[in-house]
Structures are given as C-alpha cells and as structure tokens.
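Take a look at the structure below.
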Amino acid sequence: MQTVEQTARRRKSNAEKFLVLMLGGGVILAALSFLFLRFGAESLSLSDILNAFFAFDEGEFKHVIARDIRLPRLLADIIVGVSLAVAGAVMQGNTKNPMADSGIMGISAGSVFAIVLMMAFLPDASRLERIGYSCLGALAATLLIYGVALLGHTGRSADRMVLSGMAISTLFSSVSSAVILKSGNVNAMMKYTAGSSANTIWLDVGLSAPFFAAGLIAALVMARSLTIMGLGDEVSRELGANTRLIRLVGTIVVLVLSAIAVIIIGPVGYVGLMVPHIVRHIVGTDYRLILPSCAVLGAVLVVLVDLLARVIIAPLEFPVGILITMIGVPFFIFVSRRQRGTFS
C-alpha cells in the first residue's frame, strides 16, 4: 500500500517524465519531418524545401516533390501514427486488455475488407465514400469480435478477445485476398493491402483531417474516464462513472481512428500495441498523460519507419506496413510472454 507522500512523488515523477517525453518527442518529430522532406529517390536541399513553401514554382520539379508529394505524405504518416497509437491506448483501457490493438484484434482487417470490396465493385466511389465504407467494415469486425468472444465461457476474457480478434482478422484477410485475386485491379489492391502512403494526395489529408480531429479530441476528453475505468467497474460506478457510456464512446473513437488510418495507408498493425506499452512504462497509468504521449510517439514511429522504407532500397520503396510488422511481431511475442491476463 502506497502512502499519500509516495503517491504524490510518483505522480510528480510521471509528470516530469511526461514533459520530457513530449518535448523530446516533438524535437525528434520535427527533425524527422525535415529529413522526410529532404531525402528519398530525389534528394532536396534546404533551399529547395524553403523555396517550395515560400516561393513555389509549378515549373520547378523539386518544388512539386516537396510540397505536393512529400508534405501530404508526411502529414498522412503523422495522422496515421497518432490515430493508431491513440486508438490502441483507448482500446486497451476500454477493454482492460493489454494485447488490444486495432490490427491484432481484426478491426483494421474489417476496414481493409470493406475497402477492397469497394475497389472491386464500386471503383468510381469517392474518397469520402471510402471513409464511410472503412468505418462500416471496422464496425462489422468489432461486432463479430465481441460476439465470438462472448460465446466462450472458459479462459481469461483478455485471451478470448485476442483469439477472437485474430480469428476474425484471418477471416477478413482471407476473403480480401480472394476478392483481390478475382478482381481486375490486382496490382493496385496488393499495393494498398501492403500498407503504403506513397500515393497520398492533399485531398486524402483534407478529407481525413476532420474525422481524425474529432476522434482525437473525443479520446482526450475521455482520458480521465479511462483512468477511472482502470480502477475496476465497481469502483468506477461508485465514483459516478457511466461505464457503459464510456465503453460505447471509446469503441466509436477506436472505430473512427482505425478507419481513418486504414483509408490513408492501408493495414498497419502493432503501432497501437507497441506505443501504449512503451508510454505506460514511462508515464504510468494516467490516461491524461498516456494519450498525448501516445500521439507524439505514434507519429514519430510511423514517420521514422516510412522514412526508412523510402531510403533503404532507394529509388524503390519498402511497404511501411510490412516494415512495421517486422518490428511489431517480436514485440508482440515479448509482451504476450510477459502478460498473464493482468492489466494495470
């Protein structure tokens, strides 16, 4: 049992770590953003980048690369990183499941399935319609996951959720693959399902931004409620928390943020698993600190990986979704061995 003084010291220490993480993460993100704009198949100088923003010339190819190709891609990576990391943290707090992640749990696979169906049968659908289909796919996957998990009566609930999510993810991925093979647009669909922001344009960023902002703001507003939920449902209700409403809002936040990430970059897993675990070890269990920290580190992770994906085999590109999976799978194994169905 911690004394009041020990608790106060721990909170002060976590707050100090939070400030260091936010400032350090912000500096790293700024540095990575500059490197992202500068390096790739065509390297740009600092003057090229500055002129692209302040003295843009449509006839100058390097200006077009900086402003119309790399900048929207950079912003897309930031949106995706923030969305996936925050969605993962909310999902873990909402379900008290330390292994929760929109990719692992099958939510992203549901979104991808909906987008693949749309690309195959409604190729002329607008980008705004894609967002709607992506959300519907995420909703369908979520309902299936909870439904399958509730059918089980043995084993830990966290284990049932993970296994149900993996099963649903495999199902959606298999059907998506079958649709891709039967369609006449195999190359475009395969590139999409590999996870890449290479074809991102300003319209994608503009359409996604309002949904992203709404999801992020809602997550930050419910941060205190998620912290209270960590005390258990009974204690939460005694403190006046409406646990059903919190879970409903949390689920909607996860659906929107996950769907936005999928529509921009395709399926990218493990960001929502890795980042919240790292952050929780640094700043503790207060979601008022966890969620902003996840937003910064999530953006740093995706921008860094996409930068590496563009330069390690330049002028070719490595799919960012595959590269993150190569990092995330060992992390998932490590975490799953350490977790024993407990969450704090």
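Each residue, glycine too, has its Cβ placed from N, Cα and C.
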TODO: Identify the transmembrane segment range according to TrEMBL, selecting from 55-73, 131-149.
DONE: 131-149
- [ ] Run the contact check on the transmembrane segment (289-312) against the transmembrane segment (201-225): 3 or more C-beta pairs under 8 Å, excluding pairs closer than 6 in sequence.
- [x] yes
TODO: Can you tell me which of 18-37, 161-181, 201-225, 245-268, 318-335 gets the most C-beta pairs within less than 8 Å of the transmembrane segment (131-149)?
DONE: 245-268
Task: Per Cβ pairs under 8 Å, the stretch of 18-37, 161-181, 245-268, 318-335 packing most closely against the transmembrane segment (201-225) - done: 245-268
